[in-house]
Amino acid sequence: MEILLRTVTILNIFLTTLHCVAIGLTIFRFQYRYRTGRLWWDDYFAAVAAGIDTAAIAALWMGYAHSDPLQTVRSKTILYSVGLISVAATDWATRISLALAFARIFPPSEPTRVYAVGLASLFATLFVSILIQGILVCRRHSSWIFNTGIIQCNFSRRVLIYGIVVNVLGDILLVCSPIYTLRRVKLPQNQRRLIFTCIAGSTLMSLAGFATSVFQIAPTSWEPGRGFIRVLLGYLESGVSLTICNLLVVVTYIYTVTHRNRHTLPQVVERETKACSNPALPTMGFQSTRMAVPTSMDTIVTLTEISDAYLTD
């Protein structure tokens with residue numbers, strides 16, 4: 001038992017480190033976008049995800065507190081519920097942020113932008129539907145398991161399968177939609193590799209989600225290991241999701257710094273600076289960058305134009 005507790009503690013430290021890195025990347029992203037006047041809805045949803053993720057980490061460690069008030073059945077039930085909802089909310093908030101980041105590449109009149117915004121709305125709807133189903137199941141006392149070393153809600157197989165299906169659907173849409181669309185955008189080869197590397201990073205979300213799904217539908221005879229592993233994999237999935245959510249912005253910043261002396265970048269920066277200094281372009285209380293919109297998607301653009309200089313009207 002002591003060895004098991006030590007192993008779980010090590011895993012919790014690893015997960016906490018992963019989440020702290022993800023939250024740190026979100027803070028960097030928000031500050032970077034704020035300084036450059038490019039804050040938009042995708043940044044706000046990333047910040048919301050980081051805030052919710054903080055609550056999830058707090059709930060994870062409060063469950064190990066030796067304080068008597070936190071060791072009651074009621075307190076453990078509340079901590080489990082907060083952690084579960086926070087992890088799920090973080091996952092879906094990052095999906096919404098990624099969909100909106102995809103949307104801001106395109107001008108308002110572009111159908112792909114409308115599709116991406118609709119995709120974000122779909123993700124919000126799916127999360128609400130999962131949340132409602134979970135509440136309806138867990139509000140019954142008979143749905144809870146109290147005697148396996150961890151207090152948890154025993155979801156019905158129907159709810160679990162529904163959650164797995166919508167998670168897989170969300171990940172597939174996040175991976176396939178940008179790949180299909182970016183085939184129409186001409187990028188230099190090295191920049192194209194960076195973009196597709198970031199998109200491929202979304203598959204890590206799917207892999208973590210798949211591992212979680214295996215233990216979600218595992219039989220109750222796997223307890224108490226099933227409960228512990230299911231919780232830990234849920235935290236792993238949300239930590240990876242939040243990290244991937246900020247990856248393109250961080251990669252873009254590194255690309256900008258390392259390619260600062262190239263001839264193409266000053267032209268982009270100069271054009272962006274002129275656009276930011278235009279007082280006629282406020283969006284949501286912040287200055288946004290409006291760049292010339294090509295009449296055709298088949299045009300050569302740069303990495304900074306894709307990840308930073310989005311149209312945000």
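Every residue, even glycine, has its Cβ placed from backbone N, Cα and C.
Features as listed in TrEMBL:
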DOMAIN    29-203  domain 'Rhodopsin'
TRANSMEM  12-32  transmembrane segment
TRANSMEM  44-66  transmembrane segment
TRANSMEM  78-102  transmembrane segment
TRANSMEM  114-136  transmembrane segment
TRANSMEM  159-182  transmembrane segment
TRANSMEM  194-218  transmembrane segment
TRANSMEM  238-257  transmembrane segment
- Is the transmembrane segment (44-66) packed against any residues at least 6 beyond its ends, judged by a Cβ distance under 8 Å, and which are they? 9, 12, 15-16, 19-20, 22-23, 26-27, 29-30, 76, 79-80, 82-83, 86-87, 89-90, 93-94, 96-97, 100, 235, 238-239, 241-242, 245-246
- Quick one: average pLDDT across the domain 'Rhodopsin' (29-203), no decimals. 85
- Message: Using Cβ atoms and a strict cutoff of less than 8 Å, what residues sit near the transmembrane segment (78-102) while being 6 or more residues removed from its termini?
- Response: 40-43, 45-46, 48-49, 52-53, 55-56, 59-60, 62-63, 70, 116-117, 119-120, 123-124, 126-127, 130-131, 134, 138, 150-153, 167, 170, 174, 177-178, 181, 202, 205, 209, 231, 234-235, 237-238, 241-242, 244-245, 248, 310
